[in-house]
Amino acid sequence: MATELRCPDSMPCHNQQVNSASTQNPEPQQAGDLILAHAGGNSDSAATLTLLSGHAHSSVPAELDPQASGGATFNSENNGGTGNYDAPASDSLLGDCEISRQIGAQLKLLPMNDQIRELQTIIRDKTASRGDFMFSADRLIRLVVEEGLNQLPYEECMVTTPTGFKYEGVKFEKGNCGVSIMRSGEAMEQGLRDCCRSIRIGKILIQSDEETQRAKVYYAKFPPDIYRRKVLLMYPILSTGNTVIEAVKVLIEHGVQPSVIILLSLFSTPHGAKSIIQEFPEITILTTEVHPVAPTHFGQKYFGTD
């Protein structure tokens, strides 16, 4: 059963308009490095993308699905239809080398394996039942949340076992919280609570203005001491990046530094990741896949409104 959130009524709400050729490839420098070469450059313009471990998985297709498009009705990230968001045609993980360099240290990918690939496949499959979709989404969310917790600071501690022995272990440093970007980000809340029972969770509501299509903050409510906490920002699909950018701006207004924000997502386009890192170079993005086509039907199918 999902836990009802109770945040202090004293926190401010926001209602404001927000303006928002091939070359010879170099060798990886160390295990876990993925070399990204500029399509029109030379070996000096290679960039390194940080992987959490092991294997690099290429997920950029030779061509995009011609039917992968949809109109935006909820916000600038999630399209209302069942189609997918197409990143700009020129956008690719192998595109702008300078941006790839900036992404390198901040963008973290879960190591690809068959289990994760299957979950991604079911989530993208338009014929998947809602039950299968939710089951797969919850499993993938749990994997992302677990790795997100691994990015938080720990401290050493000593405990006594039932047999009387001393054990040197670690524990979370105090001062962590979650923030979900409504509505699709709420799908990740239970996964976080399953791992951290007592963690505080705030919310931000951002929608696209029907006339200008610009992101607009309608509501924000956080723990009163959020400026002292590490923040796990939850938003499953990064397509344009606009919604996340506005959410981070609201967090900054409440005293949160971008360097303590870890963005948890399931899927990201190259354009979305680049946009966020360009705006906030210190933020950390954790995702399972960077792909030009984002499954922006996620929120509608997860909550049964597709």
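All residue numbers here begin at 1 and follow the chain in the order shown.
Glycine is no exception: its Cβ is also placed from the backbone N, Cα and C atoms.
Since the structure is predicted, the reported quantities are computational estimates derived from the model, not experimental observations.
Residues or ranges marked as region 'Disordered' in Swiss-Prot: 1-28 (among others).
Taken from Swiss-Prot, the feature compositional bias 'Polar residues' covers 13-28 (among others).
What Swiss-Prot lists as region 'Disordered' is 58-87 (among others).
Per Swiss-Prot, the feature compositional bias 'Polar residues' maps to 70-79 (among others).
Residue density at ASN176 (GTP binding site): 19 other Cβ atoms are found within 10 A of its Cβ, drawing on all protein chains shown. Residues annotated as GTP binding site in Swiss-Prot, with similarity to another entry given as evidence: ARG130, ARG139, GLU173, LYS174, GLY175, ASN176, ARG200, ARG229.
Residues or ranges marked as 5-phospho-alpha-D-ribose 1-diphosphate binding site in Swiss-Prot: ARG183, TYR235, PRO236, ILE237, LEU238, SER239, THR240, GLY241, ASN242, THR243. Neighbour density for ARG183 (5-phospho-alpha-D-ribose 1-diphosphate binding site): within 10 A of its CB lie 18 other CB atoms from the protein chains shown.
Marked as uracil binding site by Swiss-Prot: THR296, HIS297, PHE298. Packing around PHE298 (uracil binding site) is summarised by its Cβ count: 24 other Cβ atoms lie within 10 angstroms of its Cβ, all protein chains included.
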By Cα-Cα distance, the member of binding-site residues ARG139, ARG200, HIS297 nearest ARG183 (5-phospho-alpha-D-ribose 1-diphosphate binding site): HIS297
From binding-site residues LEU238, THR240, PHE298, the one whose Cα lies nearest ASN176 (GTP binding site): LEU238
All-chain count of other Cβ atoms within 10 Å of GLY175 (GTP binding site): 14
LYS174 (GTP binding site) in three-state DSSP notation: coil
Other C-beta atoms that fall within 10 angstroms of the C-beta of ARG229 (GTP binding site): 21
Binding-site residues compared (ARG130, HIS297) - highest count of Cβ atoms within 10 Å: HIS297
Closest of GLU173, LYS174, ARG200, ARG229 to PHE298 (uracil binding site), Cα positions, binding-site residues only: ARG200
